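Undergrad: The structure follows.
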Amino acid sequence: MSRFLRRQGWVAGLFVLFLALLVVTRLIQPGYGAADFGSLARAVLPYAFAVAAQTVVVLAGGIDLSVAAMMALTSVTAAALMAGASEEFALAVVPFVLALGFALGAMNGALIVVSRVPDIVVTLATLFMLQGAALLVLDAPGGGAAEWLKALIVGTVPIPGLPGAVTDWIPKALVVLVICLAVVWIPLRRSRLGLSLYAIGSSDLAAFRSGVPVARTKILAYALGGLFAAMGGLTLTMSTGIGAPIPGPYLLASVAAVVLGGVALGGGRGGLLGPIIAVFVLRLVRTDLTLLAVDPNVTTIIEGVIMVVVVMLGALVAMRGRTP
Amino acid sequence: MKKLNYLPLVAGAVLLASTALSHAKDSYTIGVSNTVQGNGWREEMVCAMKAEALASGKVSKLNIAHRNTDAAGQLEDIRNLISAGVDAIVVNPADPSGVNAALAEAAKAGIVVVAVDQGVTEPSAYVISNNQEEYAYLGAKWLFETIGGKGEVVYMRGAAGASADSDRDKGFKRALAEFPDVKVAHEVFTGWQQDQGKQQILDFIATGIPFDGIWTSGIDNVIVDALVESQATLVPVVGADNAGFVGQLNKVEGLKGAAVTNPGSIGGAGVALALQILEGQKPASQTVLVDPELWENVTPEGKAKLAAAADPSLSAEWPVSISIPNWTHYTKEQIVACKGPGE
């Protein structure tokens, strides 16, 4: 039990913080209910996938600056392909776009491994390349999305045997998020590849000497990051019904949530659950600031202060825990 | 038995009276959603919203979601405003169709939705907007006529991928099609950033490629600065009605140019329209378009208009048209102070 708490303490703490924020939100706006929680889940979607993409890469000891640009490119690609096409055609578009993300991520990884140029430089370069490519696909926001795809994240999931009061709090967007993340993350975590990923993140030299295929693992980490980014791009198209070629504010948000989620930026330590809950916390803070009608020029300052304070408090708690 | 029949009628009357009461309240909360921060035009728009809310005396609180984000982020902001229980939402949409889902949810929740500056395709929303295509057409046509119907022009656009930019591009291309001898020497996106635009024109001047005119999407005064500083030929420049540029058109020796109006005070008009609808006065048409005007400094009439419009007391990046007749009700002091109700 204590081992579990030590390992999952950060995640548990974040979850408590999230619940506390929910209570605060209810106090600010007594009418805050299930429908509003659904809005929160939908707002979380693109951020959550951006964070998942960043987490996989950071765990493997890298950093991916091209996350937001990759989301923009995959989003416009999906929107451009689906514009005016049949509903069934979208069934082919989704796997194509996911494969595109996987390939672009693998390209990032391969460039880093082959050229030996630092991750931050390579992904900065691909950021500009992907941004330009997105504008080539669509020079202005446009395109379309299949109705079934848009409906996938609207409303709640009726579960037989559960009363409506409960299922109202299970928005489809949340279910989509959990399924998409679990399908990739759980097998990965249990596989050799997952272990190698943490190993090269901790120390690629030690991993290499232990016989871990460092280059292949790194490329796969970036490829999985690309896959998550493509999921994020798809959710952008699903929620807006269009594709926008200018990347949204997802890069910095992804790094922020990775840090807040308890993942070591140096790599090798942390999980996926922490950063995802961190995204929920950050989005709910934004909701509260809007509900409170805080001066918009002050909101980003408050968001930044909250992040620093939480991370510092966490470090303090961790330090105290270590002293006998 | 007969008496019973009146019951639904009475109930209906009570219901009507109660809704009438709720409509007649004099303290509305209005939500605002805007996705570009730190741009002079958008700041004026937000200040006009605050000033109009204050001047109307009918708004108890403005709930402003104002940050740099994309359409997905605006969906989040609009839904947060719905959660906040506002009576109306005035939105400068990041995209004409990208935020429709949240706007429809707002309308379903009984919230009045008004889009300003750029239109939306959501049918339940009211739109009060500047005509962006006409804005570009008017200025470009004047520029091409002024350079004698032939020559090379520099085309300094807004932000790549923004809908106002693509609308303006349509207007520019329409004017270009009317002048077959006019060529675009250089096309560039300023991103509506002053520093970026100035650097771009300095870079282009440095190439030595000749040009006869410059069309800008509102990043204008720094372009004139660059021409003067680098002692390049003062070619005709088209810009917006920003205070700094209007001042230059009046003062800079030898500069020919035109300012096309694009009032940021449209934000105030949006708040005024939202209040009208809340009070039960629906406009005749769902969409109200404000057509731009062109003020040039070549003819005496144009010069007179420019002289009347100039306002050196405003920030150089603010459009000089700080109010819209018949729509906005605030004073200049109120918009410059930029304080909403309760601030």
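Heads up, the Cβ atoms here are built off N, Cα and C, so glycines get one too.
Got these off TrEMBL a minute ago, pasting:
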- A:43-60: transmembrane segment (TRANSMEM)
- A:67-85: transmembrane segment (TRANSMEM)
- A:91-113: transmembrane segment (TRANSMEM)
- A:120-138: transmembrane segment (TRANSMEM)
- A:169-188: transmembrane segment (TRANSMEM)
- A:219-242: transmembrane segment (TRANSMEM)
- A:248-265: transmembrane segment (TRANSMEM)
- A:272-294: transmembrane segment (TRANSMEM)
- A:300-319: transmembrane segment (TRANSMEM)
Undergrad: Most CB pairs under 8 Å with the transmembrane segment (A:219-242): which of A:91-113, A:169-188, A:248-265?
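TA: Result: A:91-113.
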Undergrad: Check the transmembrane segment (A:120-138) against each of A:67-85, A:91-113, A:248-265, A:300-319 and return whichever range has the most CB pairs under 8 Å.
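TA: Of the candidates A:67-85, A:91-113, A:248-265, A:300-319, A:67-85 scores highest.
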Undergrad: Looking at the transmembrane segment (A:67-85) and the transmembrane segment (A:43-60), are there 3+ C-beta pairs under 8 A, with each pair at least 6 apart in sequence?
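TA: Yes, since the transmembrane segment (A:67-85) and the transmembrane segment (A:43-60) share at least 3 Cβ pairs closer than 8 Å, they count as touching.
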Undergrad: Cβ under 8 Å, sequence separation of at least 6 from the ends of the transmembrane segment (A:300-319): give me the contacting residues as numbers and ranges.
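TA: For the transmembrane segment (A:300-319), the nonlocal Cβ contacts are 9-10, 13, 17, 256, 259-260, 262, 282, 285-286, 289, 294.
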Undergrad: May I ask for the residues of the chain that lie six or more residues beyond the transmembrane segment (A:272-294) and have a Cβ under 8 Å from a Cβ within it?
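TA: Same-chain contacts beyond the flanks: 10-11, 14-15, 17-18, 21-22, 24-25, 28-29, 32, 36, 40, 43-44, 47-48, 51-52, 54-56, 177, 181, 185, 253, 256-258, 260-263, 302-303, 306-307.
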Undergrad: By Cβ distance under 8 Å, which residues at least 6 away from the ends of the transmembrane segment (A:248-265) in the same chain are close to it?
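TA: Distal contacts: 10-11, 14, 46-47, 50-51, 53-55, 58-59, 63, 65, 67-69, 71-72, 127, 232, 236, 271, 273-279, 281-282, 307, 310-311, 314.
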